[in-house]
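The following features are taken from TrEMBL:
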| type | residues | note |
| --- | --- | --- |
| DOMAIN | 21-153 | domain 'MARVEL' |
| TRANSMEM | 27-51 | transmembrane segment |
| TRANSMEM | 57-80 | transmembrane segment |
| TRANSMEM | 92-112 | transmembrane segment |
| TRANSMEM | 132-152 | transmembrane segment |
Amino acid sequence: MASAGIPAAPTQPALPSGPAVFKTIPYAFILPEILCGTWVWILVAATSVSLPLLQGWVMYVSLSSCLISLLLLISYIFGFHKNSENWKVLDSLYHGATAILYLSAAVLQANATITSEFGPNSPLYYQLNSAASFFAFITTFLYVLHAFSIYYQ
């Protein structure tokens with residue numbers, strides 16, 4: 001006769017804390033997101049802003065995303081999540097929304113790069129804007145990758 005036991009509940013993987021954050025796949029993307037995002041706003045700040053409205057949005061998105069991601073990384077390292085399932089939802093929503101915002105910023109930065117090609121100091125500013133566009137698209141990809149990997153985990 002088969003024993004009528006309680007079926008085992010599916011176990012969710014524990015959220016990482018401490019140095020394990022840097023070894024767990026969806027959470028290991030936070031540090032590259034911060035570093036590439038930092039490069040975006042440093043490179044945009046180093047250029048002569050020819051389109052203040054466009055590059056102002058790029059600066060806002062990159063700087064605020066960098067700071068919020070840094071706070072999220074610190075909260076994961078110190079274990080403020082206390083292994084709550086709500087943190088996964090928060091993380092997925094944040095990275096999904098930020099990926100959309102970063103995509104808009106990357107497209108605007110690419111537009112600023114194209115228009116800076118014909119400016120007064122075009123070689124220097126064009127190279128800086130090109131690098132900022134490159135890092136903006138890389139950062140967008142990292143945010144999308146993080147959002148999907150946390151969603152499918």
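Placed from the backbone N, Cα and C atoms, the Cβ positions cover glycine too.
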Please indicate, using numbers and ranges, the residues of the same chain that are 6 or more beyond the transmembrane segment (132-152) and have a C-beta under 8 Å from a C-beta there. 25-26, 29-30, 32-33, 36-37, 39-40, 43-44, 47, 58, 62, 65, 88, 91-92, 95-96, 98-99, 102-103, 105-106, 109-110, 113
Would you kindly list the residues that approach the transmembrane segment (92-112) from elsewhere in its chain, counting only those six or more residues past its ends and only Cβ-Cβ distances under 8 Å? 37, 40, 44, 50-51, 54-55, 57-58, 61-62, 65, 68-69, 72, 129, 132-133, 136-137, 139-140, 143-144, 146-147, 150-151
Mean per-residue pLDDT in the domain 'MARVEL' (21-153) works out to 88
Run through the domain 'MARVEL' (21-153) and tell me, per DSSP, how many residues are helix, strand and coil. 111 helix, 0 strand, 22 coil
